[in-house]
Amino acid sequence: MPTTYLFVPGSRPERFAKALASGADRVILDLEDAVSPADKPQAREAIGAWIATLDSTARAAILVRLNDALSPWHAEDLVWLSAQPVGEVMLSKCESADQIAAVHARMAPGARVLPLIETVRGVMGLNDIARAPQVSRLAFGSIDYLLDLDLPGPGFALDAAATAIAMASRAAELPPPVAGVTPELEAGRVTGDLLHARGLGFGAKLCIHPTQVGVVREAMRPDEQTLAWASRVNSAWQAASSQGAIQVDGRMVDKPVALRAQRILALAGLPI
């Protein structure tokens, strides 16, 4: 499951290949905030021309972020999208399942939509959004959410929205959602934001600079002590699968603990 999503302005085609080579699991070619209104037509052309040069493996790592459904540029995005071999898009400021369906109708069968929840209306519509059949997973646009609710900064209200996104994802059997961007590039701040989001149920992060990708990837990986514990628990659980609760390191291990150990191993890319 992807854990790093790197934004690249759609108006900067010289950065596209570098972003793809950055180590990010997914590259988001942006048609929204990172592109001025005057540059949006050229950005669409640049993205389309570059995607046409990619093989199927590279294309699978690409998303395009569309302007939101209420913006004056959304209709042109949809016209453009209908002629592109794009397998997944991010929908800015998504507020309803109908918006998702309208976007997906312009895409090939099997394509996916990643809704970016950035408004109070989006949070209020989470259950329907998360259960839309075209959705791959959810993401939180935390900075725009602060603006929409007129919040001075992170705090309880932001965490409440984030938790709601994580809960809606779980209820709809989606992967853990993608946390919002960290404007600062300092590694400690990026790591701190990610760990806070992990504590709220998130499993990936949006990045705005290639240097953040490695920081997020490292912070997502469990430490060696945790991996060793997970390996011991998993091995003991597999060996005693018919016995119910067991003891590992002097502590009781039942099914929920064993499943947590397996998730830790899977996150690190280790066999279960």
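Backbone N, Cα and C define each Cβ position, glycine as well.
TrEMBL: automatically predicted annotations, no manual curation.
Worth saying up front: this structure is predicted, and the values here are computed from it rather than measured.
Features of the protein shown, as given by TrEMBL:
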- Arg65, Glu118: substrate binding site (BINDING)
- Glu118, Asp144: Mg(2+) binding site (BINDING)
- 5-210: domain 'HpcH/HpaI aldolase/citrate lyase' (DOMAIN)
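Shown here: features listed in TrEMBL, placed on the structure.
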residue	record	Cβ within 10 Å
Arg65	substrate binding site	25
Glu118	substrate binding site	25
Asp144	Mg(2+) binding site	19
Cα distance (Å, whole number) from Arg65 (substrate binding site) to Asp144 (Mg(2+) binding site): 15
Three-state secondary structure, Arg65 (substrate binding site) (per DSSP): strand
DSSP three-state assignment (helix, strand or coil) for Asp144 (Mg(2+) binding site): helix
